[in-house]
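Following: one structure in structure tokens, then a few remarks.
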Amino acid sequence: MASVIALSLLLPAAFAADHSPLRARLQDGLARTPQMGWNTYNHYNCYPDEEIFRSNAKALVDFGLADLGYRYATIDCGWTLTERLANGSLTWNATRFPSGFPAIADYLHDLGLLFGVYGDAGIKLCGPSDEHEEQDAQTFAAWGADSLKYDNCFSEASLGYPNVEYAPSSPLKPRYEVMSNALQKLDRPILFQICEWGIDFPALWAPALGHSWRIGNDIIPAWRSVFRTLNQAVPQTDFAGPGQWPDLDMLMVGNGVYSVPEEETHFSLWAILKSPLIIGSALKDATTEINSESLRILKQKAVIGYNQDKLGVSASLRRRWTDQGYEVWSGPLSNGRTVAAVINWRGEARDLTLDLPDIGLQSAGLVKNIWAGSTSRNVQTSYTARVEGHGTMLLELRDTVPAGVYPKKIFGSSRGQGTVFKSVYAGSTSENYTLAINFAKTIPSASKITVQVGANRQKLSIAVPPSRQQVTATIPLVAGSNNTITISHSHPITAIQVTSPNGTYYPATQFSLTGAARHETCGEGFCQPVGSKVSYLSPNSTARGVIPASAGTKYVEIDYINNEVAFSSSWGWGANSRNLTISLNGGEPVRLEVPLSGRHSELFGPGKGWWDTATLGVSVDGWKEGDNEVVVGNVNGEKGFQPYAADFVGLRVFD
């Protein structure tokens, strides 16, 4: 969709009435790019000691990681005594850390590193600061701390302080506000990392209090947690910016649980989504040293550069092909560059193609394939490469042209008095594309040109009025990236532009329902753009509509709602996703596993996040001339963990 795809990426459809407040950020100069470093937890859990910590910190320097930006070295849980000192101060476990924290801070600072400490908003075990925030902040500063990771264990009084509570009785912002205020009173700047596992949608309030916030539950030593984490990141990518970074959790690279391609995918996506890059493996201790392949991944300068890019804009999800097992993310970089990632969710290696219009581009003068180590020049419309099972095609694109624009010098070739433009892209098969032809200079007198799309189409004669430098016409195109447009002309052409049809929107209110599916009215300004939705779609409950169209493949944008956040389920099957299927004229359904859309608290926000719409596009084949029966549901949902589909707001068919 030349001009449409650049706009329909995966956007929260609260676009008409954004109920999110302005997100203030700390103005202390810290974390202008995402923080990088190393943390004890993923490998050593709550059992770190001084020897382990010093050895790994030294490895940051010895392995060249510190020079690349990995400078925060953090001791996570397990460093405190169970009781405070007589004056109320926290102290370290002298058995595990005999030199003491001030000496450890000095050691790190002498290495050119920064000292990270760990605390907790609760009452016990993790280094609790509840009702001791100012005292603890002053203590951390006196020890020479440079950052504080602040957890939320044992904090829910109404339930007797369980270790973890995913549905607290009150909002979490006030609890973190106390420590944030205490840190801001210090003379020493301390990076504040909010870690309450994504509960209460911290993206709305954490940027005003800290420099990063955990978007979800812990990453686990299982490949499926990467998909789960990315699905939770989708509605939060636009919250990222200098001084405020969504934290996808510490890296598993080097822990021996992911394959090399999986580690490359994990590292690539954490980097381009602007997550803090915190190593969670053993770099070097008395018995363990990180393997060379994982170290190579952690030291990949281009990928680190995308994470630390001065523009500070996160990549976002652009397209997902659930049935085919791959998806595309992309985002802008400084100096007009673009980064794109094509993830292969299947377990086998295969060739995958990136259609550049899916990321808002039509061509690139230079494409770097980072993990393949290759470079291509003058790439037009699409790029194909081999991708390992569970691997990622990570690309940097330079010298790009926006989607829908076809300069003659790139796409055109002369043929007599004509010009042939190749590799013209169309998201849908449609008769309603708009072609704009740009001439090198103003046409002095009336003339005519002819346009032919493909080899077998009838030629179209277009009158060119005098004193014009551009003329437009409506043309047919076939879905795909191999359309050709031949223009016979007597005046020089510089470029053509192709704009997709606007499409027709069909709100869910126009669909009839079966089974338990029901229409629900949402709060004012929500469930955009309709104001209502269909919920409880399942294998036996559907929404059915009749949509007129021409024959062929169509690009369809679906407005959906999903806020089934995986908290306790994240340790097992939870994926932060729900399915939607579209069946056309009784044919095989197209399945789309949609990520979260909620942009408000799942506990206290309007509609508990179930009124926040997002949009995702899918190609649907099998349209016929005339009326088409469209069924939205969750075919085969009974076979998995998702019996209910995402809620359905409406869809737009581009024809």
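Please read every residue number as a count from 1 along the shown chain.
Even glycines carry a Cβ here, placed using N, Cα and C.
If you check Swiss-Prot, you get these features:
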SIGNAL    1-16  signal peptide
CARBOHYD  ASN87  N-linked glycosylation site
CARBOHYD  ASN93  N-linked glycosylation site
DISULFID  CYS126-CYS153  disulfide bond
ACT_SITE  ASP151  active site, nucleophile
BINDING   GLU196, TRP197, GLY198, ILE199, ASP200  substrate binding site
ACT_SITE  ASP218  active site, proton donor
CARBOHYD  ASN432  N-linked glycosylation site
CARBOHYD  ASN482  N-linked glycosylation site
CARBOHYD  ASN502  N-linked glycosylation site
CARBOHYD  ASN540  N-linked glycosylation site
CARBOHYD  ASN579  N-linked glycosylation site
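Sequence features annotated in Swiss-Prot and their locations in the structure.
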| residue | record | Cβ within 10 Å |
| --- | --- | --- |
| ASN87 | N-linked glycosylation site | 7 |
| ASP151 | active site, nucleophile | 26 |
| CYS153 | disulfide bond | 23 |
| GLU196 | substrate binding site | 21 |
| GLY198 | substrate binding site | 28 |
| ILE199 | substrate binding site | 22 |
| ASP200 | substrate binding site | 23 |
| ASP218 | active site, proton donor | 15 |
| ASN502 | N-linked glycosylation site | 13 |
| ASN579 | N-linked glycosylation site | 25 |
For this session: Fill in the CA-CA distance, ASP200 (substrate binding site) to ASN579 (N-linked glycosylation site), as an integer in Å.
Result: 24
Seminar exercise, completed: Candidates ASN87, CYS153, GLY198, ASP218 (recorded positions) passing the 10 Å Cα cutoff around ASN432 (N-linked glycosylation site) are none
For this session: Taking the Cβ of ASN93 (N-linked glycosylation site) as the reference point, list residues of the same chain whose Cβ is under 8 angstroms away and which are at least six residues distant in sequence.
Result: GLY78, TRP79, THR80, LEU81
Exercise. Hey, does DSSP put ILE199 (substrate binding site) in a helix, a strand, or just coil?
Worked result: coil
Exercise. Given the recorded positions ASP151, ASN482, ASN502, which lie close to GLU196 (substrate binding site), meaning Cα to Cα within 10 A?
Worked result: ASP151
Problem set entry | Sparsest-packed of the listed glycosylation sites (ASN432, ASN540) - C-beta count within 10 angstroms | ASN540
For this session: Starting from the Cβ centroid of GLU196, TRP197, GLY198, ILE199, ASP200, the recorded substrate site, name every other residue in that chain with its Cβ within 8 Å, sequence order please.
Result: ASN152, TYR166, LEU172, PHE201, PRO202, ARG214, GLY216, PHE567
Exercise. Which ones are near TRP197 (substrate binding site): of the recorded positions ASN87, ASP151, ASP218, ASN502, ASN540, ASN579, which have a Cα within 10 Å?
Worked result: ASP151, ASP218
Exercise. Who sits close to ASN482 (N-linked glycosylation site): which same-chain residues at least 6 apart have their Cβ under 8 Å from its Cβ?
Worked result: LYS422, SER423, VAL424
Problem set entry | Cβ neighbours of TRP197 (substrate binding site) where a neighbour is any other Cβ within 10 Å | 21
For this session: Quick one: of the recorded positions ASP151, ILE199, ASP218, which has its CA closest to the CA of ASN502 (N-linked glycosylation site)?
Result: ILE199
